[in-house]
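Visitor: According to TrEMBL:
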- 83, 85, 253, 329: Zn(2+) binding site (BINDING)
- 83, 85, 253, 329: Fe(3+) binding site (BINDING)
- 92, 155, 188, 256, 334: 4-imidazolone-5-propanoate binding site (BINDING)
- 155, 331, 333: N-formimidoyl-L-glutamate binding site (BINDING)
- 66-91: domain 'Amidohydrolase 3' (DOMAIN)
- 309-413: domain 'Amidohydrolase-related' (DOMAIN)
Ligand code: NIG
Ligand code: FE
C-alpha cells in the first residue's frame, strides 16, 4: 500500500458475502457482518475492510488522501442488476388497460403489441435519443445503489438497429459511472416482416447479426427468449451454440410462461445464467444444478404481470443448492421499474428469501450471473471499490420498510458518485 485514496469510516454495520465464486444453497445465507467498520480504498480497489480501529492501526504511517464518514450508516457491496433491457425508446402505458382487463402477455405480443410495439419506437429513435433515455434510467439505478448492470439488445431485430442499441450500451458504459455489461438478444421476438417465418429470422440472427456483433466486440453474452410462440428449444439451441462460436457466452430467458424446456437447454449448452424460471420443473432445476447455471429470478415481473405463481426460490436454494441471483428485468413491458429495492421487497414477500440470501443474490451471485464474481460483488481486498451506503439500521430493514429509497450514497471504483441522496458532480452521464 503506497497511499490510501479514500478511507470510509463510521460504518455502523458492514454486510458482505465473501469469495470470488457464487454462493450455493445454504451458503447464500452466510453474510459477514462487521460493526464499527471502515474500508480503505487504493486506486479504485479495496485495500482493507474490517473493524475501524484495526484498519486505522494497519494504516499507521500510510498517507490517506481523503476520509469520509458514513455517519453510522449501513454499507453493502454496490448492488449488481444482471438482467435489464435498458436501451429502448418509448413506453407502453397504452397497453395497461388491456393488461388489467386480463389479456395475457403473449397475446398482446401475438397482436403486434408488447415487445413489437417497443421495436417500432426503438427502430426510429436516434442513437442520441436512446442514450439520453437510458442514461436517465441508469441515473435512477445508481441512486438505488446499483453499480453494475447487464443490458440486453432485442428491440431492434434488424442488423443495423441491434447494433445501434448495443453501441448505445457501450457508450453508456464508457461515459456513466455504472458499468454496463452487454448482451446481444437479437432473438427477443420475431419481427413483423418475418411473421410466420421464424426459422428465416433465426438464420438472419446467425448469419448476419452474430458475426457483426462479434466483429465490433459489442457484447459478451448472447440471450434468447425461449418461449411458446417466440423461439422454440431447437431454434434457441442453434442461436446459443452459434453464439458460442463467436465467443458470446449463452444466457437464456427460460420457462417464463410455458415450461418449454429452456432450463434443460441452459444446462446442456453451458449457459452462464437462466432467467425468469417461473414454471421450471424439477428436471429443469436439476439441469441448472448439473450445468452450474446461475438462476436469475425476476420477482418484479411476476408481480407486474399479476401472476399468482412465483419462481421456486426456496426449492432452488434448499433442495437444488442453486446460486440464486435477483434482478429487476427493467423493461417497458413486463417490468417497467429501475427499482432494485422493490425487487428486494418482493424477493422477501413472494420468494420467501431471507435478507441475507437477498443480499447475496443482489451482489456476489448477481456478479456471477454476468461472469464478474472475481471482480465485484463483495467487500474484500482486491475487489473493485463499489459500495452502497444505506440509511438503514440493519439488513432486514431493506425488505421490511418498503416503497422508499434507502440509499444514502454510492461509491463506484473508489469515487463517491452519489451522496446525501443525490448524484455528485462525478455521478450521472458525462454530458
Ligand atoms: O424479460 N420476456 C421477454 N422479455 C422481457 C420483456 C420485454 C418486453 O415486454 O418489452 C422480459 O420480461
Ligand atoms: Fe428479460
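The backbone N, Cα and C atoms fix where each Cβ goes, and this holds for glycine too.
On this model, are these features tucked inside or out on the surface, and what's nearby?
Guide: The Cβ of residue 85 (Zn(2+) binding site) lies under 8 Å from the Cβ of 151, 152, 154, 155, 329, 330, 331, 332, each of these being in the same chain and 6 or more residues away along the sequence.
Within 10 Å of the C-beta atom of residue 329 (Zn(2+) binding site) sit 29 other C-beta atoms, taking all shown protein chains into account.
Taking the Cβ of residue 155 (4-imidazolone-5-propanoate binding site) as centre and 10 Å as the limit, one finds 30 other Cβ atoms among all the protein chains shown.
The DSSP secondary structure for residue 155 (4-imidazolone-5-propanoate binding site) is coil.
Mapped onto DSSP helix, strand and coil, the domain 'Amidohydrolase 3' (66-91) counts 0 helix, 10 strand, 16 coil.
Helix, strand and coil counts from DSSP across the domain 'Amidohydrolase-related' (309-413) read 35 helix, 13 strand, 57 coil.
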Visitor: Sequence-remote contacts (6 or more beyond its ends) of the domain 'Amidohydrolase 3' (66-91), Cβ cut-off under 8 Å?
Guide: 5-17, 37, 39, 117-118, 120-122, 124-125, 129-130, 133-134, 137-138, 141, 144-155, 165, 168-169, 172, 180-181, 273, 275, 296, 298, 325, 327-332, 336, 340, 359, 362-364, 366-367, 369-370, 372, 376-379, 383-384, 386-395, 397, 408-412, 416
Visitor: Here's one to test understanding: among the binding-site residues 92, 188, 334, whose C-alpha is closest in space to the C-alpha of residue 253 (Zn(2+) binding site)?
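Guide: Going through 92, 188, 334 one by one, the closest to residue 253 (Zn(2+) binding site) is 188.
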Visitor: Quick one: which residues besides 155, 331, 333 have a Cβ within 8 Å of the N-formimidoyl-L-glutamate site's Cβ centroid, in sequence order?
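Guide: Neighbours found: 85, 88, 92, 114, 115, 118, 154, 188, 332, 334.
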Visitor: Between all pairs in 155, 331, 333 (listed as N-formimidoyl-L-glutamate binders), what's the biggest Cα distance, rounded to the nearest Å?
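Guide: Max Cα-Cα spread across the N-formimidoyl-L-glutamate binders: 12 Å.
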Visitor: What is the total of other Cβ atoms whose distance to the Cβ of residue 188 (4-imidazolone-5-propanoate binding site) is within 10 Å?
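Guide: Result for residue 188 (4-imidazolone-5-propanoate binding site): 26 neighbouring Cβ atoms inside 10 Å.
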